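Undergrad: Would you mind keeping the following structure in view while I ask a few things?
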Amino acid sequence: MSFRTIEWRDNKVVMIDQTRLPGEEVYNEYTDFQSVAEAIRGMIIRGAPAIGVAAAMGIALGAREIIADTHESFFRQLDNVCNVMARTRPTAVNLFWAIERMKRVAESHRDKDLNSIREILKAEAIRIEEEDLEICRAIGRNGAPLIKEGATILTHCNAGGLATAGYGTALGVIRAAHEAGKRIQVFADETRPWLQGARLTSWELMKDGIPVTLISDNMAGYFMRKGEIDVCVVGADRIAANGDTANKIGTYSVAVLAKENKIPFYVAAPVSTLDLSLKSGEDIPIEERHSREVTHLQGLPVAPEGVKVRNPAFDVTPARYIAGIITEKGVVRGDYEKELRALVGR
């Protein structure tokens with residue numbers, strides 16, 4: 001891949017600005033945790049695994065900003081940093097997973113001096129980024145055998161390198177199949193209202209030389225019924241214990257259409273996206289975003305002023321529509337409640 005989604009460089013967090021793609025490839029530098037939190041909230045960085053990495057790096061920056069004479073003061077301020085990060089996006093469980101991991105690491109080194117704790121947190125954030133890249137490659141290896149020679153794959157939103165530290169989850173499966181020499185092509189849903197499929201997925205795949213065709217969201221059923229789509233692969237922001245999966249709004253519609261047309265529908269996600277504390281998708285909090293995202297496109301109005309708007313950022317696909325969940329530890333099928341718990345224990 002010829003771009004970096006996020007990295008720690010010279011005690012700064014550097015992110016590609018995803019709101020500027022595909023028109024401009026711009027990298028922003030962040031030196032304080034509040035600006036990282038705002039970047040997450042403003043979708044300069046997005047995608048559950050990437051948000052987790054950003055939160056970890058934001059906490060590492062925050063630890064460096066803290067002025068404290070005592071451990072008690074330091075840890076009290078660190079809790080505040082973590083709370084700011086936790087309030088950015090409520091649905092992506094990787095955010096909370098990364099925050100808790102950083103808190104545990106800090107607590108486990110409480111006996112060390114404060115500068116050492118700051119360096120340990122920086123190292124842990126970098127480790128989370130490096131691990132995410134390895135995890136995505138493993139997801140790709142596990143999912144590639146599910147993609148047949150000559151297949152046309154439908155994907156929704158962006159679950160690629162831009163949504164992770166690199167390589168991607170759903171696009172990781174597609175990349176691995178392409179790297180294995182399989183002749184494949186991809187249909188990318190544009191994914192309203194933020195157009196992640198149009199702006200980001202198409203951009204990534206074209207950079208990699210993987211054939212991609214862009215369609216509007218309401219065309220998916222048409223192409224499925226015509227027999228032009230062989231398999232669907234999407235990412236995830238949170239997966240409940242029973243396999244119900246929260247992903248970008250519109251994913252549920254794709255899954256229902258896929259089942260109607262007897263097309264396998266797969267979810268690709270790291271184990272860190274599992275939330276086994278939730279029995280089902282009914283318990284997953286769904287973020288609702290500003291109405292302007294629906295009523296305006298690139299700053300221009302596309303709806304009458306004052307119209308009522310609903311703008312949930314995610315929906316939940318019930319497990320019965322999912323043919324398999326592809327993780328770095330393997331592919332889970334069937335009894336998700338049993339198999340996901342077994343997977344975590346491996």
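The backbone N, Cα and C atoms fix where each Cβ goes, and this holds for glycine too.
A quick note: this is a predicted structure, and the numbers were derived from the prediction, not measured.
According to Swiss-Prot, the substrate binding site annotation covers Arg46, Gly47, Ala48, Arg89, Gln196, Asn247, Lys248, on the basis of sequence analysis. For Cys157, the entry in Swiss-Prot reads site 'Transition state stabilizer', with the evidence type sequence analysis. For Asp237, the entry in Swiss-Prot reads active site, proton donor.
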Undergrad: Could you give the Cα-Cα distance between Arg46 (substrate binding site) and Cys157 (site 'Transition state stabilizer'), in whole Å?
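TA: Approximately 11 Å lies between the Cα of Arg46 (substrate binding site) and that of Cys157 (site 'Transition state stabilizer').
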Undergrad: Going by Cα-Cα distance, pick out whichever of the binding-site residues Gly47, Ala48, Arg89, Asn247, Lys248 is nearest to Cys157 (site 'Transition state stabilizer').
TA: Lys248
Undergrad: Using the recorded substrate site (Arg46, Gly47, Ala48, Arg89, Gln196, Asn247, Lys248) as reference, state which further residues of the same chain have their Cβ within 8 Å of the centre of those residues' Cβ atoms, listed in sequence order.
TA: Ile51, Ala92, Cys157, Asn158, Ala159, Ala163, Gly235, Asp237, Ala313, Phe314
Undergrad: Work out how many Å separate Ala48 (substrate binding site) and Asp237 (active site, proton donor) at their Cα atoms, rounded off.
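TA: Per the Cα atoms, Ala48 (substrate binding site) and Asp237 (active site, proton donor) stand 5 Å apart.
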Undergrad: To the nearest Å, how far is the Cα of Gly47 (substrate binding site) from the Cα of Asp237 (active site, proton donor)?
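TA: Cα of Gly47 (substrate binding site) to Cα of Asp237 (active site, proton donor) measures 7 Å after rounding.
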Undergrad: Checking the spread of the substrate site as listed (Arg46, Gly47, Ala48, Arg89, Gln196, Asn247, Lys248): what is the longest Cα-Cα distance, in whole Å?
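TA: So the maximum pairwise Cα distance among the substrate binders is 17 Å.
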Undergrad: So which one is it: of the binding-site residues Arg46, Arg89, Lys248, which has the fewest other Cβ atoms within 10 Å?
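TA: Among the binding-site residues Arg46, Arg89, Lys248, the sparsest Cβ neighbourhood within 10 Å belongs to Arg89.
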